Ligand code: SF4
Ligand code: SF4
């Protein structure tokens, strides 16, 4: 990859991140209008339900994944949840944990928080190295818990029982209400996480997100990796100092760590020309600056496109189903 200037490298990622965040906010607003119409008894919704809202149902997506694996069928209630899940997984298998640093709205907000923290406190803080290692393990433990409970332990009949139940049907509405009618506990937890995100870089992503843990493990085999040309590297360590994941880039020939999000910050900060680059192992010549971002966005669009054109995008639930189920939502629990 041709050397990124600090300005262009940052600008490209910021544009992609904020476009995606705005798109997700648009989906949230549109889904809110749809639910509001159903709640108010309108005979037709002002807007149709955006299937992209199912991206906020990763646990259900994991259940759908197992259902798909054991039955060979994609469950029709919230098929987009599985399509998005598989797309993001594929993105990690091919292009590092790029979802986290290029597309994930939580990652974007988390990054904004630590930049704001730097403005407020003059710097970001570091956790003791031993505690950092321990805390990084928490997200893998959470992942293990979900994998055990859902992928390993959940019997086939329980799977369809969960996916056919009204609880799963209105899980998107439950998620909306989680944000629009927050309990004191939710507000307190979010406030604590926000405060910690101001102090420490990517606190949620680095320590707690089981989704990121899964994507990180998948990303180990990604052909794209940060690669360092040892012959021209001066050992200045600017890459390592800049890496938000705290990786020792200056001493790696290829960064395979599951913590690498493909953010390219190290590339941006390397003062040498074409010494540090995000390259697939099979490509030896410099790639144009836009290639990696284009690969990330393309994988996402192709994945969603395949879901749409194969008929696994829109929910089988009708507006009338939502009108019938939404009043029951507060009383539904799994
Ligand atoms: S190694 Fe480079 S691309 Fe990976 S997380 Fe660190 S700065 Fe970002
Ligand atoms: S910033 Fe570039 S030159 Fe400096 S140690 Fe890292 S790879 Fe080598």
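The backbone N, Cα and C atoms fix where each Cβ goes, and this holds for glycine too.
Automated prediction, rather than curation, is the source of TrEMBL annotations.
Here's what TrEMBL has on this protein:
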type     : residues : note
TRANSMEM : 12-33    : transmembrane segment
TRANSMEM : 77-95    : transmembrane segment
TRANSMEM : 140-156  : transmembrane segment
TRANSMEM : 176-200  : transmembrane segment
DOMAIN   : 224-253  : domain '4Fe-4S ferredoxin-type'
DOMAIN   : 255-281  : domain '4Fe-4S ferredoxin-type'
TRANSMEM : 287-309  : transmembrane segment
| In terms of Cβ proximity under 8 Å, which residues at least six beyond the ends of the transmembrane segment (12-33) contact it? | 45-47, 49-50, 52-53, 55, 101-103, 105, 107-109, 111, 172, 176, 179-180, 263-264, 289-290, 293, 296-297
| task | Determine how many residues of the domain '4Fe-4S ferredoxin-type' (255-281) DSSP places in helix, in strand and in coil. | result | 5 helix, 6 strand, 16 coil
| task | Just give the helix, strand and coil counts over the domain '4Fe-4S ferredoxin-type' (224-253), going by DSSP. | result | 8 helix, 5 strand, 17 coil
| the domain '4Fe-4S ferredoxin-type' (255-281) [mean pLDDT, rounded to integer] | 94
